[in-house]
Ligand SMILES: O=C[C@H](O)[C@H](O)[C@H](O)COP(=O)(O)O
């Protein structure tokens, strides 16, 4: 059911895609549907050039014959379509559940428009129930972890800070070669202030709060797809 909703959100977002566009391709189970749909459209003549937000998405896109470029050759994109882990008021997002937050944020920021596609379970009144992914440099990991812990205390976090592991128990490493810490806040009523506090910590490469980046969301539920504008 949820996967069907993810597909329908992805399908609805295709209304925004036209030939000639430079497109950012998101990462995750919802974005995967979008990439599949773009792949079929390319095979039927859609003329787009794309930048993937992860190695996984890049491999999927290559397999579908989607033409790819990079931000050196194409520093500005028309549109990025991506999933989200949480979608809050003002289309503020938590992203990075798949560990792709750094490339996703760079690509979204390089795009004239970013659109989120999601099933309705992602909508929240207050961000923070989903643990906030924070990408950190391996050098100084202990000190950076302690500094993030102090920020969590300042922001009344309800839970702990955990290093992300893979299913086999070894540390997760991002496409950029960094570690991920998952911060269990419970509630993030002031995402802007938290975002600023996190980027001020040396060793924090990026965090999963996407604020002011997303202009529209296609959110699918049992009754259809809602379009939310930020
Ligand atoms: O790092 C991963 C991305 O931010 C995903 O877009 C996010 O985790 C949502 O993924 P999914 O569509 O699988 O729920």
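Positions of Cβ are set from backbone N, Cα and C atoms, glycine also.
Since this is a predicted model, take the numbers as computed values, not measurements.
Per TrEMBL, the feature active site, proton acceptor maps to 104. DSSP assigns residue 104 (active site, proton acceptor) to a helical segment in the three-state reduction.
Secondary structure at residue 97 (substrate binding site), as computed by DSSP, is coil. For residue 97 (substrate binding site), applying a Cβ distance below 8 Å and a minimum sequence separation of six or more within one chain yields 28, 85, 130, 133, 208. The substrate binding site annotation in TrEMBL covers 27, 28, 29, 30, 82, 83, 84, 85, 95, 96, 97, 98, 122.
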Handout entry: Remaining residues near the recorded substrate site, that is with C-beta within 8 Å of the centroid of the site residues 27, 28, 29, 30, 82, 83, 84, 85, 95, 96, 97, 98, 122
Key = 26, 31, 100, 104
Problem - Cβ atoms near residue 84 (substrate binding site) (within 10 Å, other residues, all chains) - result: 29
Handout entry: Max CA-CA distance, Å, over listed substrate-binding residues 27, 28, 29, 30, 82, 83, 84, 85, 95, 96, 97, 98, 122
Key = 15
Handout entry: Other CB atoms, at most 10 A from the CB of residue 104 (active site, proton acceptor)
Key = 32
Practice task
Please work out which residue of 95, 122 has the most C-beta neighbours within 10 angstroms of its C-beta, and give that one of the binding-site residues.
Solution key: 95
Exercise for the section: Could you list the residues of the same chain, at least six apart in sequence, whose Cβ is under 8 A from the Cβ of residue 29 (substrate binding site)? Expected result: 3, 6, 83
